[in-house]
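Following: one structure in structure tokens, then a few remarks.
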Amino acid sequence: MIKNPLLMTWLDMFVKFGMNIILLPIATIYLTPEELAYFLFIGTLLGMAYLAEGGINRVILRATSYFKEGTTVLPNNFTEIQKVKSDEKINYKLLGQLVQTSFIIYFILGVISLIIFFTIGYVTSENLILKQPNIERAYITFGLLSIFAFLYILQLRWVGLIQGLGYLAEQKRVELVFSLFRIALSILAIVLGYGVLGVVIAMIISVIFAHVLYKKMFYTYLPKKFIQEYEYFSKDILQKFIPSAWKQSVLAWGSYLIYQGTVLLAVQLNDVKLIASYMLTLQLIFLLLQISNAPAYSYYPNISKAMAKKDMTSFKNLLFKSLKISLGLYILGAIVIYFLGNQILELIGANTFLISGNLLVLILFMYLLELHHVTHATIYTATNHIPFVLPSLLSGIVIILGAWIMIDDYGLWGIVLVQFFVQLSCNNWYPIWLNYKIIRGTVR
């Protein structure tokens, strides 16, 4: 049984990557272009609903990690971390309050996700829904997808709590099993002719079972008898949450506009095949990014622990180790995509292909820069200081407006160039500079 967090995270990423590589071409063979575009749009649509959660489970992860180390406060920046005093004893009281308070917070976030889904989500999806061969089935699929989004947000709370306790490898192992189950059911549903509706039903079944198991796992690692008397809603915990949580949430909105906002514009085009090709390319690159991000995510609990203990040497070493592995994986994957991507799709008989030529080179290079700065940003948030809110939000808005202006005359080139130059102006270097400020005292 694999217990190393990095190896388990990689295994999870690689297996899901491999299964998705199987799922994507099967979808291109069995689904019509209209259905394929709808299928590929699911990720963007769910991402919009997840904005209600905004990555707050990372705040839960950090809080759990700090309280496990015996701290009584949740620092909001690096300066406050230096002043924190920790105890070797686990702070069961704050952990118990965190469990119950986070439940109430996440239920409210789930409701907000439904509101987002049925307002902005519907408006942006309507064009694709009305192009489906079976419009009634497409609407049912949309409704069921909202249920999945709600359940998934509730599940993220348990993920943050479990990882914060230091059991990332165990959590990733469960995630891997249910991901395989979901993808296998999705493939079966597509082959049997149930289309996108069958895929969404498979997703709902998977998330229900995962939620139940995560809850059982948490109380196995932190027996309920130790925290039961403290499991009540705490305004103090909520107040500790707010400074980091709202920034993390706004940051998620900005990130969504940067990475998915252009897709929202692209799906309004009448050329369904062009939409499918663009989203297929992004889907493959995003899968590569997930694998390449594995070191940062797997080391994150240890990085948070290093921050809680003010161990800057460990922080520096984990940062550099994450960067070397992440960038190496991405460059290798990008070479494979550029030289073999369409050849592989053609070999398996796919009807939709990747964008090719110089535009693909630009997209791959752009996301290399994205990976570099996102890795730095992810690791920097272990300080509980989130300074990326304004740059991220403004960049997202500028990208959407710029792409909207450019798309009619320059098409996909216009979208990609706007995103590339806007990101280069600030986000591609700002987190790197912040991390350097932390580690420069230990760099020789």
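Residue numbering: from 1, along the chain as shown.
Glycine is treated like the rest: Cβ placed from N, Cα and C.
Going by TrEMBL, these are the annotated features:
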type	residues	note
TRANSMEM	7-30	transmembrane segment
TRANSMEM	36-52	transmembrane segment
TRANSMEM	103-125	transmembrane segment
TRANSMEM	137-154	transmembrane segment
TRANSMEM	197-214	transmembrane segment
TRANSMEM	275-297	transmembrane segment
TRANSMEM	318-341	transmembrane segment
TRANSMEM	347-368	transmembrane segment
TRANSMEM	388-407	transmembrane segment
TRANSMEM	413-430	transmembrane segment
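Contact between the transmembrane segment (36-52) and the transmembrane segment (275-297) is present: at least three CB pairs lie under 8 Å, with pairs separated by 6 or more positions in sequence. Cβ atoms under 8 Å from those of the transmembrane segment (413-430) belong to residues 258, 262, 265-266, 359, 362-363, 366, 369-370, 372-373, 387-388, 391-392, 395, 398-399, 402-403, 405-407 of the same chain, restricted to positions at least 6 beyond its ends. Non-local neighbours of the transmembrane segment (137-154) in the same chain are 38, 42, 45-46, 49-50, 52-53, 106-107, 109-111, 113-114, 117-118, 121-122, 125, 128-129, 195-197, 200-201, 203-204, 207-208, 211; each lies 6+ residues outside the stretch with a CB under 8 Å from one of its CB atoms. Outside the transmembrane segment (388-407), and at least 6 residues removed from its termini, the chain residues within Cβ reach (under 8 Å) are 247, 250-251, 253-258, 261-262, 264-266, 377, 414-415, 417-419, 422-423, 425-427, 430-431.
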